[in-house]
Amino acid sequence: MLVLVINSGSSSLKYQLRDLDAGTVLTEGIVDRIGFPAEGGEVGVADHEEALEVVDAALHEVLAGRQIDAVGHRVVHGGERFGDPVLIDNEITRAIERLNPLAPLHNPANVLGIRAIAEKWPDMPQVAVFDTAYHRTLPERAWRYAVPDWLYTRHGIRRYGFHGTSHQYVAGRAAGLLGLEPAAFDGVVLHLGNGASATAVQGGRSIDTSMGFTPLEGLVMGTRSGDIDPSILVFLGRLGMSSDEIDDLLNRESGLKALGGSNDMRTLVEAAERGDAKARRALDVASYRLAKYVGAYHVAVGGAKAIVFTAGIGENSSVFRALVAEQLGALGVVLDTEANAVRSPEPRVISAPGSAIPVLVVPTDEERAIAEATAAVVSSALGERASR
Ligand code: AMP
């Protein structure tokens, strides 16, 4: 089956074409600056329909006469309704649109991508795979904020969690590496990229996660503050800062960038090794905060069978992994220094044989997870139709 995976943003459209039978990526790319004026000889792309024409032209050669069987969309917010990937129809598209207030930057852009495909290829099966879906199994004690009920009933203010596709995929691969069925896996998954979140997995299901109502809550991230005292927002408001300014401050000017002067882990590690005190402080704060979440989630899952690192920092930064692991001595965690230093695209164990909890590195692959989910939904829909 050939599946086109689409990640549609407000001004960009990322795509990847996968052959699921062969297990290969046929091509991938990004059309960006959608809606921006043409620049220096470049052709401008006015909207998502035009962007799709660019993608179609790029796919043409690779396809060499073969047909795309289905399109899988990364959709950021599935609200409380969507706990699984779904086949998209008009009602589903409108339901995704109704969630726009919860993800004003992302869901409207996802819908633009869905509509552009429906317009160009009306018979193409399309599947939505939601970033929040894996966390739909959070128990109420984990998703509820201790605030008056109308915030939830009127405005949907609760914890949703994000990076779900990645957490689910990585938890499944980690279970495989330990020789367990996914449903027998209890552990803590750490998705550490520019955005970062930790998830407590029990019996293969997400039971707690560090991102909340929005992807701002939780860990120290590239440019996001993670957890702070909410009174700081009130304080800043009283100083006269607007809500847009506060939003920008906490989402784009905070985190590692604010603490250490860069949101790039490589830059920070190099600077810290040269003795830069700000960079060292950034690594200290971020690794300490992360280690505290690992301790909390070890308790939440009733004893983790593994601690799993993934995404840009988790997969590549042996220094950051070591900083976190050093602080987990109370849990009996011991890294194997040599294994931790290995660079590899394969899932692997990096803890010492005597570690009380195995520590793993499992590369994430959200596109693969989306493509596989899309194929599963489309195959089962075709099966249902055939058996009717
Ligand atoms: P992501 O959002 O998953 O692409 O991750 C981005 C983060 O991964 C950035 O902070 C990068 O600095 C970090 N990263 C990527 N490659 C490396 C590397 N080789 N060593 C350390 N950090 C890396």
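Backbone N, Cα and C atoms are what each Cβ position is placed from, and that goes for glycine too.
TrEMBL: automatically predicted annotations, no manual curation.
Under 8 Å, Cβ to Cβ, and six or more positions away along its own chain, ASP131 (active site, proton donor/acceptor) finds ARG74, VAL75, VAL76, HIS77, GLY78, PHE162, HIS163, GLY164, THR165. For ASP131, the entry in TrEMBL reads active site, proton donor/acceptor.
The annotation Mg(2+) binding site is assigned in TrEMBL to ASN7, GLU366. For GLU366 (Mg(2+) binding site), the same-chain residues that are 6 or more apart in sequence and have a Cβ closer than 8 Å to its Cβ are ARG74, THR165, SER166, TYR169. Look at GLU366 (Mg(2+) binding site): DSSP puts it in a helix.
Residues annotated as ATP binding site in TrEMBL: LYS14, HIS191, LEU192, GLY193, ASN194, GLY195, ASP264, MET265, ARG266, GLY312, ILE313, GLY314, GLU315, ASN316. Neighbour count (other Cβ atoms within 10 Å of the Cβ, all protein chains): 13 for ARG266 (ATP binding site). Secondary structure at ARG266 (ATP binding site), taken from DSSP and collapsed to helix, strand or coil, is helix.
Annotation note: HIS163 (site 'Transition state stabilizer') sits in a coil segment as assigned by DSSP. According to TrEMBL, the feature site 'Transition state stabilizer' maps to HIS163 (among others).
Over all protein chains present, the Cβ of ARG224 (site 'Transition state stabilizer') has 26 other Cβ atoms lying within 10 Å. In the three-state DSSP classification, ARG224 (site 'Transition state stabilizer') falls within coil. The site 'Transition state stabilizer' annotation in TrEMBL covers ARG224 (among others).
Taking each Cβ in turn and tallying the other Cβ atoms within 10 Å, the top scorer among the recorded positions LYS14, HIS163 is HIS163. Taking CA atoms as the reference points, LYS14 (ATP binding site) and ASN7 (Mg(2+) binding site) are 5 Å apart. Recorded residues ASN7 (Mg(2+) binding site) and ASN194 (ATP binding site) have their alpha carbons 17 Å apart, per Cα-Cα distance. Distance from the CA of ASN194 (ATP binding site) to the CA of ARG224 (site 'Transition state stabilizer') is 9 Å. Listed recorded positions: ASN7, ASP131, ASP264, ARG266, ILE313, GLU315. Those with a CB atom under 6 Å from ligand 1: ASP264, ARG266, ILE313. ILE313 (ATP binding site) has a Cβ environment of 27 other Cβ atoms inside 10 Å. Spatially close to ASP264 (ATP binding site) yet at least six residues away along the chain are GLY222, judged by Cβ distances under 8 angstroms.
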